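Q: For reference, the structure I am asking about is given below.
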Protein chains: 2
Amino acid sequence: MPKLGMEPIRRAALVKATIDEIGAAGTLDITVSRIAKRAGMSSALAHHYFGGKDQIFLAAMRHTLTVYGAEVRGALAMADDNVSRLQAIIRAGFTNSNFRREVIAAWLNFYVLAQSSAEAQRLLTIYQRRLHSNLVYDLRPLIGDRADAAAERIAGLIDGLYLRRGLDQSSEMGMDATEHVLALLQAELKEHA
Amino acid sequence: MPKLGMEPIRRAALVKATIDEIGAAGTLDITVSRIAKRAGMSSALAHHYFGGKDQIFLAAMRHTLTVYGAEVRGALAMADDNVSRLQAIIRAGFTNSNFRREVIAAWLNFYVLAQSSAEAQRLLTIYQRRLHSNLVYDLRPLIGDRADAAAERIAGLIDGLYLRRGLDQSSEMGMDATEHVLALLQAELKEHA
DNA sequence: CTTTTTCTTGATTGACGAGTCAATAAAGAA
DNA sequence: TTCTTTATTGACTCGTCAATCAAGAAAAAG
């Protein structure tokens with residue numbers, strides 16, 4: 001019973017199913033059939049809309065990065081001064097939604113994928129650059145020349161703590177990760193005085 | 001022409017070949033046959049000595065962690081006071097050998113593997129705990145109660161910068177990563193005063 | 001009401017890969 | 001020498017999976 005305009009619906013369902021499947025398996029070693037079944041359609045249809053497994057993965061990756069980007073933008077919109085904007089950026093990285101199993105699995109696997117896929121590499125670089133430039137934008141007025149190096153450290157600590165907390169997804173450790181990065185931020189600001 | 005006592009030699013060759021193959025592919029999605037061919041033997045022999053693909057991966061992971069551990073211990077042996085020991089630990093994470101393509105690929109993939117393999121998870125936890133306790137050991141005499149939180153931040157920054165630098169293995173960025181973590185160390189120490 | 005477009009899948013193909021096994025060969029033990 | 005242990009592989013099994021395709025079914029267009 002073909003309703004028209006199915007394409008965007010199917011694509012969205014496949015992207016979600018892909019992320020869930022990655023989360024369930026912990027790997028990119030999952031089959032198109034399982035993704036399609038989870039999304040409620042045949043594997044042939046998945047191929048029809050995406051063309052191949054690789055493109056399904058890349059779509060899932062784009063989606064993950066888009067969601068993260070939207071979260072950051074949302075948090076930034078509610079902050080006015082430089083310091084609270086910086087705090088918002090930091091907090092956005094450690095929200096509960098970012099600590100769901102599937103999201104963690106997706107990020108880890110995308111890092112791996114970036115080693116063999118130029119497009120994945122590109123997407124990840126965009127994420128890194130955006131985070132860096134967001135940080136520099138608000139750090140510069142506060143600490144001037146030190147902004148770049150400080151941003152490098154803060155971004156590194158965000159990624160590193162996310163990696164460490166993601167591994168043993170034990171309870172709510174996103175809390176303390178946030179505190180650690182905020183502490184680093186304060187140290188970077190105080191250093192200037 | 002079976003010489004006796006081949007087992008350790010074969011195992012070592014397979015472990016090395018596995019890491020190289022992971023580095024070449026960027027993935028754990030590699031075949032036992034290719035590993036075996038790279039190690040100069042038949043795939044049947046690989047199965048004979050390791051029992052299965054999973055165990056080959058775990059052996060490769062153990063080897064990688066062992067090498068890293070040895071590097072740290074070596075660096076620590078040449079330092080006497082607390083501060084230079086801390087600097088040695090930090091530097092050990094960013095040596096050239098840790099930035100070889102295969103080593104980076106191995107680490108990234110082991111993080112992914114830890115999501116689906118209890119044993120891999122265990123090994124990675126050991127690494128994290130050891131790094132943390134090494135840092136605390138030398139931080140405690142310097143900053144007391146602050147040691148634990150500071151160690152968390154330093155370890156997080158080490159992992160995070162390694163992740164970021166490993167992705168775009170552009171030139172010698174291990175240098176600046178080291179500087180960043182050393183800067184954080186100084187900030188943590190100064191904070192105490 | 002026929003034609004075209006969109007959507008959908010079952011069946012199939014073609015390839016590949018993990019793990020097994022029987023058989024071979026050498027070295028040492030008895 | 002004969003027996004046993006260790007090393008080694010080619011061939012094979014069994015399963016899986018990505019990708020293709022021809023065909024069907026429903027909506028929209030004419």
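Just so it is clear, glycine is given a Cβ too, placed from its N, Cα and C backbone atoms.
Caution: TrEMBL annotation is automatic and unverified by curators.
Below are the features listed in TrEMBL for this protein:
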DOMAIN    B:8-68  domain 'HTH tetR-type'
DNA_BIND  B:31-50  DNA-binding region
Q: Could you count the residues of the domain 'HTH tetR-type' (B:8-68) that DSSP puts in helix, in strand and in coil?
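A: Summed over the domain 'HTH tetR-type' (B:8-68), the classes give 49 helix, 0 strand, 12 coil.
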Q: Can you tell me which parts of the same chain pack against the DNA-binding region (B:31-50), counting only residues 6+ beyond its ends and a CB-CB cutoff under 8 A?
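A: For the DNA-binding region (B:31-50), the list is 7, 10-11, 13-14, 16-18, 20-21, 56, 59.
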